[in-house]
Structures are given as C-alpha cells and as structure tokens.
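What Swiss-Prot records for Asp272 is active site, proton acceptor. Per Swiss-Prot, the feature ATP binding site maps to Lys157, Lys176, Leu224, Glu225, Tyr226, Ala227, Asp290. If you look up Swiss-Prot, you'll see 31-43, 126-136 marked as compositional bias 'Low complexity'. Summarising the annotation, Swiss-Prot assigns domain 'Protein kinase' to 147-399. Annotation source Swiss-Prot lists region 'Disordered' at 1-43, 66-137.
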Amino acid sequence: MTPTGPSHHSMAPKRVLPAASQSNMYGNIRSASTTSTTASTSSQALRLLQNAKTSKNADNRIAHAERQGPPSAHPAAMQKPAARVAPSNENRPDPAARQHQHQQQLQQQKATGHDRVLKESQAGNSTTTTMTSTQSKEANKWSLANFDIGRPLGKGKFGNVYLAREKKSKFIVALKVLFKSQLQKAKVEHQLRREIEIQSHLRHDHILRLYGYFYDDTRVYLILEYAARGELYKEMQAQKAGHFDEDRSAVYIYQLAKALLYCHEKKVIHRDIKPENLLLDLKGDLKIADFGWSVHAPSSRRATLCGTLDYLPPEMIEGKTHDEKVDLWSLGVLCYEFLVGKPPFESQGNTETYRKITKVEFTFPKHVSEGARDLICKLLKHNPSHRLSLEGVIAHAWIQEKISQRS
C-alpha cells in the first residue's frame, strides 16, 4: 500500500471515533464480567479458539466470518461485542485441564518474552517489521497458514479482529484483519503505515505490542499482543457508578504517564489518548493500543488537527502548532473522565465544546478529592508550557499516595 496524500481530518461528532480509532476493532475484546478472575479470563480465551482445528484452513474461517456481512461503516457498530456461540463438545478437552493449560500459556508468554517465542517459531527469522525498503521481504515472513484462527472478537469499519494462535509456538495473539478496499476508500493507508512503523518499534509494559504484519491481495493482517480483559472504556462503563474510584484511576494514570514518558523519549507523540484507545491485560494493567494518529516528530512542531473532540487541546482548536504537550492535556481530560464518567468539556454541541476548551471552563463534582483536582488542574492549562510534566505526574502526591496503598 502507498499513501494517497496528506491527512485531511474532518471534525467528528461527540464520542464518534476518528478514522484511525475506528480501525481499533481489537478494543472490543473484553471479559464477560469486570470482576473476572485470571482463570475465567483464560478459560474464555481458550473457548474462543476451540473450533480452530475444525476449519480446513485459516482463510476459510476468516472468509466464513466475512460472509456474515460486510464490516459496518458506522462507528457505533464497534461497540457491539461479538456473539458468543457455544463450541462443539466433540473432542473437547476437560474444562479444568483446558483452563489450567491456557493460564500456563499466557503466563509463560509473559515470562519467556514476546519476541523470543515468536522469533524461535520462525526458525531465527525476525518477526519485528519495519517500514523500510525491505517491507515486502519482512511481511512475507508470515502468512495466514502460520496461525490457527479462533472466533471473531470484534468488527469495525475497516475489518475484523480474531483470537489466534501461532501454530508452532502455540503463542496466543490477536489478529487484526483490515480490508485494503476499505482503507483505500477512506484514504487512510498512510495512517496504517504510520501505525505499523511506530508501534513495531515500541517496547514497554504499558504499550500493546505489534509483533509483525503480512498481507495478501485483499487484506492486511496485524499480529497484536492479546489483552485479555479488553477495552478500558467498556470496563469503566460497567462500573456501578459509571466511573472508576480514585485508587484505580490513579493507578491507570500512573501507568499511562510511564508509557507516554517512554514514547516522548522516543520522540513519539500519541495525540489521541482516550479510554477507547486503552486496553487491559490479563492482570488488569493498562495498555496503549492505537497509534493511528501518532507521529514521530524529533525536531518539528505539528499543525495537523487530529484526535477526538472532547480531548483536543486549545492549541489544536486554535490552529496553532503543537508538540508532545498535547498528550499532557489529554492525560488531564482522561483523569477527569476516569473519576467522573464523562469528559470535562462535554457539551450539547461542538461549538460549545470548543468554547469551553479554549476557555478551560469546567467544574468538579463534590466526590472528586482535592488531590485529584490539583493534578487535573495542573494538566489542563491553556498554555502548553505551563502543564505539569510527565515526571511531575508520576511524582504527584495524589498519585504516589494511591500507588503506595496498592503496593
């Protein structure tokens, strides 16, 4: 695929994801209950893989799923979880043994290291791809034949996501299948190329790994780390109060600040931090999952309007250039949404939202503590240079208090 030209971002309605975020169909994966244990989450994942061996090949399984209907062009379709169909009992292993086996698999993947397992399965060939002149050579190291394909886990505008297992190593992954025709129609090939280029080079505990990619005549396949507990946004919605408590919010902000600090050290600006782009792994730890709007900008300030309306900083709305400090603003908005259940500048119309953002006009509900208010106010500064640094976020008294209580 080749880029078709520069990005042209049109402002989306509230809570409607931009094109890059719509491709984050993997974010629909989540456990049946927000209180699921490690064992039940493991068992669920293995059940999704149950019928992989009954297909003649992986392509037939994907083709069958695609025949159920084309991916919806409406972003709301992404919020609908895949239907659960009970697997056949034929040749079904004992549930307790299956659960134990899968739990061991996920733990072994973590202990052994993601890269090592997949690299060994390719007999020494590197699986980490780079967007260089060797793109085709790298991509050809993988094919659909390398994977057992499980059930579809999510559907979005550009394709589907499947739970999958690399045949040789038994390594469990999420396989994002994107339709070239849809990418070309939306003119977002360049965003996909950018996402692959950036995410494949990042190695951090709180950033979802992109192990590699490959493609055929009609589809592009991304081999992604499997985050068993799914999308953080849905986890938040499932809370009785509609938002997280302060202990949990502080832990997530701490983990995200560490990941963003790593990104900024690598000269990567995310530009689209929001709950929908964050996943939870088997242990409940946060993972940044979508880099479609990210840029690698070592020495320049960007002027592109991107991201989600509620999370846009004043400098973007005002048409000014921006740098990595846009992520600091988004972190403040996210912290507020974690604690309140909605973004601080949410309004009935876009014009009013714009006005509130440029005036930094918002209020706190009574239940938000002084410590949390202090952190949010230090991040939501109109002048980017006045925003609290990521090091300051990590060292903030409210964050440290909650982190120490957790440990």
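Placed from the backbone N, Cα and C atoms, the Cβ positions cover glycine too.
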(message) For a quick check of packing: other C-beta atoms within 10 Å of the C-beta of Asp272 (active site, proton acceptor), how many?
(response) 26
(request) State the Cα to Cα distance, in Å, between Ala227 (ATP binding site) and Asp272 (active site, proton acceptor), rounded to an integer. (result) 19
(request) Sorry to bug you, but what's the C-alpha spacing from the residue listed as 'active site, proton acceptor' to Asp290 (ATP binding site), rounded to the closest Å? (result) 8
(request) Compute the C-alpha separation of the residue listed as 'active site, proton acceptor' from Lys157 (ATP binding site), stating it in Å without decimals. (result) 18
(request) Using only the Cα atoms of Lys157, Lys176, Leu224, Glu225, Tyr226, Ala227, Asp290, which the record gives as binding ATP, return the largest interatomic distance in Å, rounded to a whole number. (result) 21
